[in-house]
């Protein structure tokens, strides 16, 4: 952990009156701190609600028991090193998993790199994915290479991503849970599928609920998976409207804590700011996977409008309060949500492939 982050951690024990100081320390002018800005800041548009119900396939814990029995250990050796050397790889990879699963299912289509000269855009080229951190892609590629070295041509990139996301949750202090396996990698990556399926930071709770329902996920899953923001960061452009022009009023969001507003405005000016500046979605314990995220919402310290809306809406407020009271309950609900999300539109058989290089389709 570098000195700047150590100083940040030491400030977390100070009273809430020191929030301004804490927030200023938490802004890092580096492009690597991109994780989960929208990752689970969830939203949709009306088209997403008319999609057919997601197809679920049976996965299994022992899918690689004969072909690659040490797959979890191989991947964990990579994720542990990455978390030590680059802690932001954690929330970045969790965000990457969400962006993969919500667009045509958990099939590693998000990992396909653009083809030079091609007019057909892949998922990672789209506006909604522009801030996905390089650390996440690098981590999956490194883990896949380690797996290929031991078990060539056996383990899908989709499974590698699912396992890596689990590892990072646990490394940050969250629950360890078993990951069912057996996904195949998609044979296509279609940029046009991104917009109808990925979030907007100004969505209403009604839109969030409809989006999650279209993926087979419940309001509890919505609130629990939003808790991944406990280790998330967001760029200024994702919350700037709350600071200066909330819902076209030319004024800040009146619900935002005044100290938080002051701190955010200092690091995210209305004009001419640094595009690489990020803020923690959890202003209390941004590097610890815990349930402080929910307590923040109850005191108007939510960073993103979609986060704070979960507490204001009567449909989700009881869920926020429930998970905020009990960390064990949050962990339980989060694990259940991750397992359900990890089974969205899984590719099996001839509908998928096992890539050797996660960035390229098989030829």
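Here the Cβ of each residue, glycine as well, is placed from N, Cα and C on the backbone.
TrEMBL labels come from automatic prediction, so no person has curated them.
Among the features that TrEMBL reports, domain 'Plant heme peroxidase family profile' is placed at 58-362.
Around residue 151 (disulfide bond), the same-chain residues six or more apart in sequence whose CB sits under 8 Å from its CB are 64, 67, 68, 71, 74, listed in sequence order. What TrEMBL records for 68-151 (among others) is disulfide bond.
The site 'Transition state stabilizer' annotation in TrEMBL covers 95.
There are 25 other CB atoms within 10 A of the CB of residue 99 (active site, proton acceptor), with all protein chains counted. Per TrEMBL, active site, proton acceptor is recorded for 99.
The Ca(2+) 1 binding site feature in TrEMBL is assigned to 100, 103, 105, 107, 109, 123. Other C-beta atoms found within 10 angstroms of the C-beta of residue 123 (Ca(2+) 1 binding site) number 27, with every protein chain shown included.
Long-range Cβ contacts of residue 106 (disulfide bond) within its own chain (separation 6+, distance under 8 Å): 97, 100, 158, 161, 162, 183, 341, 342, 343, 344, 345, 346. According to TrEMBL, the disulfide bond annotation covers 101-106 (among others).
The Cβ neighbour count for residue 358 (disulfide bond), using a 10 Å radius and every protein chain shown, is 23. Annotation comment: TrEMBL describes 157-358 (among others) as disulfide bond.
Positions annotated as substrate binding site by TrEMBL: 199.
The heme b binding site feature in TrEMBL is assigned to 229.
Listed in sequence order, the residues of the same chain lying 6 or more apart from residue 230 (Ca(2+) 2 binding site) and placing their CB within less than 8 Å of its CB are 281, 282, 285, 286, 288, 289, 290, 291, 292, 293. Annotation source TrEMBL lists Ca(2+) 2 binding site at 230, 282, 285, 290.
TrEMBL lists 236-268 (among others) with the feature disulfide bond. The Cβ neighbour count for residue 236 (disulfide bond), using a 10 Å radius and every protein chain shown, is 21.
Cβ atoms within 8 Å of the centroid of the Cβ atoms of 100, 103, 105, 107, 109, 123 (the Ca(2+) 1 site) belong to the same-chain residues 99, 101, 102, 104, 106, 108, 110, 186, 189, 193, site residues excluded.
Around residue 68 (disulfide bond), taking its Cβ as the centre, 19 other Cβ atoms fall within 10 Å, counting all chains. In the structure as shown, the Cβ atom of residue 103 (Ca(2+) 1 binding site) sits within 10 Å of 27 other Cβ atoms. Of the recorded residues, residue 268 (disulfide bond) and residue 105 (Ca(2+) 1 binding site) place their C-alpha atoms 35 Å from one another.
Long-range Cβ contacts of residue 107 (Ca(2+) 1 binding site) within its own chain (separation 6+, distance under 8 Å): 100, 158, 183, 184, 185, 186, 345, 346, 347, 352.
Between residue 109 (Ca(2+) 1 binding site) and residue 101 (disulfide bond), the C-alpha separation comes to 9 Å.
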